[in-house]
Amino acid sequence: MSDDSRPSPSAAPATARTAVVIPAAGRGVRLGPGAPKALRALGGTPMLIHAVRAMAASRAVSLVVVVAPPDGAAEVKSLLDAHALPERTDFLVVPGGQSRQESVKLGLDALPQGHDIVLVHDAARPLVPVDTVDAVIEAVRDGAPAVVPALPLADTVKQVEPARTPGEPEPVVATPERARLRAVQTPQGFDRATLVRAHETVTGDVTDDAGMVEQLGLTVVAVPGHEEAFKVTRPLDLVLAEAVLARRRLNDGF
Ligand SMILES: Nc1ccn([C@@H]2O[C@H](COP(=O)(O)OP(=O)(O)OP(=O)(O)O)[C@@H](O)[C@H]2O)c(=O)n1
Ligand SMILES: C[C@](O)(CO)[C@H](O)COP(=O)(O)O
């Protein structure tokens with residue numbers, strides 16, 4: 001590895017406490033009509049509760065900030081009270097914004113002092129295994145200012161000229177080399193000061209927090225993601241999530 005490609009040293013010490021921001025304020029338009037996506041049931045329990053439990057399963061996590069639908073903070077607080085969650089973890093609920101980026105910023109603004117590592121995790125990725133969470137935290141502790149869990153792609157990807165009218169054929173303009181591409185998941189992990197600076201500095205459309213850190217000119221590193229950390233986006237994803245959960249329950253004997 002050349003000096004240039006080394007991650008910049010993170011300000012987060014090895015003993016740093018970890019907080020998680022869970023953006024859960026989206027509508028879930030692509031999933032179809034119904035309650036806000038994070039509040040919809042998966043195996044009889046709201047998707048958000050699965051995501052909260054997945055984060056709190058890491059012994060390194062001491063605080064979870066849930067960013068609720070703008071008019072749903074009271075409902076989310078009641079849900080957290082009604083479900084068993086680890087006692088070692090504190091919980092905060094704040095109302096979210098109009099975009100994922102805005103919701104994450106509102107969650108960050110609510111973070112008390114004393115947590116120097118921050119993870120951002122989609123409520124829409126309810127089944128991420130704890131080993132993936134811990135791998136991300138460890139990479140931040142090891143000095144990376146920003147860490148993403150990532151998987152190789154199974155499909156070939158084409159860059160197109162987007163159609164002006166939906167359904168029209170789209171000219172293909174390039175085929176990026178698949179071996180160098182990764183599908184990026186959450187939780188994404190950050191040295192807190194880096195993430196705060198990114199959210200205070202970077203404007204414009206971004207689809208993930210690590211992308212904002214890239215725009216600061218800092219190095220983002222990828223660690224292995226997990227197939228079960230997929231995002232519930234469309235109806236078929238919910239079918240898969242139910243199947244994964246049913247298999248886990250069978251394996252765990254309950
Ligand atoms: N204004 C928003 C929009 C999204 N999110 C959260 O960001 C995560 C990833 O977003 P996505 O899967 O795209 O969720 P939605 O925005 O709800 O989906 P859609 O685009 O289909 O409406 C989700 O946990 C979602 O709740 C958020 O907190 N605030
Ligand atoms: C953050 C993310 O989950 C990483 O893959 C993704 O970018 C969120 O995108 P969305 O369009 O808001 O679902």
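Just so it is clear, glycine is given a Cβ too, placed from its N, Cα and C backbone atoms.
Note: TrEMBL annotation is automatic and uncurated.
Positions annotated as site 'Transition state stabilizer' by TrEMBL: Arg30, Lys37. Annotation source TrEMBL lists site 'Positions MEP for the nucleophilic attack' at Arg178, Lys231.
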Open item on the list: For a quick check of understanding: among the recorded sites Arg30, Lys37, Arg178, Lys231, which residue's Cβ has the most other Cβ atoms within 10 Å?
Closed with: Lys37
Open item on the list: As a check: which entries in Arg30, Lys37, Arg178, the recorded sites, place their Cβ less than 6 Å from an atom of ligand 1?
Closed with: Arg30, Lys37
Task: Candidate recorded sites Lys37, Arg178, Lys231, pick with smallest Cα gap to Arg30 (site 'Transition state stabilizer') - done: Lys37
Open item on the list: Rounded to a whole angstrom, what is the C-alpha distance between Lys37 (site 'Transition state stabilizer') and Arg178 (site 'Positions MEP for the nucleophilic attack')?
Closed with: 31
Open item on the list: Can you tell me whether DSSP puts Lys231 (site 'Positions MEP for the nucleophilic attack') in helix, strand or coil?
Closed with: coil
Open item on the list: Under a three-state reading of DSSP, tell me whether Lys37 (site 'Transition state stabilizer') is helix, strand or coil.
Closed with: helix
